[in-house]
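Chemist: Here's a structure for you.
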Amino acid sequence: MGLQPSPVLLASLGVGLLTLLGVALGAYLVRRSRRPPVTLLDPNEKYQLRLLDKTTVNHNTKRFRFALPTAHHVLGLPVGKHVYLSARIDGSLVIRPYTPVTSDEDQGYVDLVIKVYLKGVHPKFPEGGKMSQYLDSLKIGDVVEFRGPSGLLTYAGKGKFNIQPNKKAPPEARVARNLGMIAGGTGITPMLQLIRAILKDPEDPTQCFLLFANQTEKDIILREDLEELQARHPGRFKLWFTLDHPPEGWAYSKGFVSVDMIREHLPAPGEDVLLLLCGPPPMVQLACHPSLDKLGYSPKMRFTY
């Protein structure tokens, strides 16, 4: 007959196992309790957020800061996603997408950087921007409806992207070691969101390349943020500008996004390459995509916000 374990030994083992389980459960609950509460709990719900502050960024752009429910709340926006703001303006419901320039490391508030398109300034848009003018008219303490997270792209970290071909399709996994980005105007905000997320992780191998197009030098928003990131991570982030109307002595490119600009400043087509585009539709459709076609970037290598 084999030796039978004593009841005392079995009891000791049982107590030890229960102790380990208790410690593990306690650690999990502590970690969970330390997680800040999330604002955007349901992507189909609207959340009213109060305007905290409004500051001027440049001649036509402002930063709007909205309060979250408490000083400990985070927005709850995965990297790659955006929010929708909605308001009833002149009797009509107006909805616009925006990507915050803050992240879930910021508690108690969310910041949006938005160009304010004023009435009677641009001949193609005589009425200006409905939502941007509405936001600019708000007083401190006024509320705006937020909804999200929204969007077809999510960044999971370390070069892993989950991209939905459309809203009803399941996400498809993509791995990109070289991330090229073409942004125009306020299309820079989703790019900055991604760049920050990648560069803050020292173990993320993704290389970032940004081509940022604007009309004039004074139109370049978030330039200081971008140049600071480039200076701190010169081996991981390459930054290039192009202007329609550059000043004398301009050190970067001139004109619309072109084949030569893309060839020189963005990663070449490849299995480990993903190109993201965000900007005015004419720039994206008439300048970017035709140039990418000529250079051999397949549809799988591109994503347009």
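Glycine too: its Cβ is placed from the backbone N, Cα and C atoms.
Straight out of Swiss-Prot:
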- 8-28: transmembrane segment (TRANSMEM)
- 44-156: domain 'FAD-binding FR-type' (DOMAIN)
- 136-166, 175-210: FAD binding site (BINDING)
Chemist: Please list residues from the chain of Thr189 (FAD binding site) whose Cβ is under 8 angstroms from its Cβ, counting only those at least six apart in sequence.
Modeler: Tyr98, Thr99, Pro100, Val101, Val113, Leu222, Cys278
Chemist: Per DSSP, what is the residue tally for the domain 'FAD-binding FR-type' (44-156) in helix, strand and coil?
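Modeler: Helix, strand and coil residues of the domain 'FAD-binding FR-type' (44-156) number 8 helix, 56 strand, 49 coil.
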Chemist: I'd like to know which of these binding-site residues, Thr154, Gln207, is least surrounded, judged by other CB atoms within 10 A.
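Modeler: Relative to the other binding-site residues in Thr154, Gln207, Thr154 has the fewest Cβ atoms within 10 Å.
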Chemist: Determine the minimum-neighbour residue: among Ile163, Ile198, listed as binding-site residues, which Cβ has the fewest other Cβ atoms within 10 angstroms?
Modeler: Ile163
Chemist: Give the three-state DSSP assignment (helix, strand or coil) for Gly180 (FAD binding site).
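Modeler: The three-state answer is strand.
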Chemist: Near the Cβ of Glu145 (FAD binding site), how many other Cβ atoms are there if near means within 10 Å?
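Modeler: If we count other Cβ atoms within 10 Å of Glu145 (FAD binding site), we arrive at 15.
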Chemist: Taking every residue in the domain 'FAD-binding FR-type' (44-156), what is their average pLDDT?
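Modeler: Summarising the domain 'FAD-binding FR-type' (44-156) by its mean pLDDT gives 96.
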Chemist: Below 8 Å Cβ to Cβ and six or more residues apart, same chain only. Which residues does that give for Asp136 (FAD binding site)?
Modeler: Lys54, Lys62, Val116
Chemist: Name the secondary structure element type, per DSSP in three states, that contains Ile163 (FAD binding site).
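Modeler: SS state of Ile163 (FAD binding site) = strand.
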Chemist: If you draw a 10 Å sphere around the Cβ of Gly180 (FAD binding site), how many other Cβ atoms fall inside it, taking every protein chain shown into account?
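Modeler: Result for Gly180 (FAD binding site): 26 neighbouring Cβ atoms inside 10 Å.
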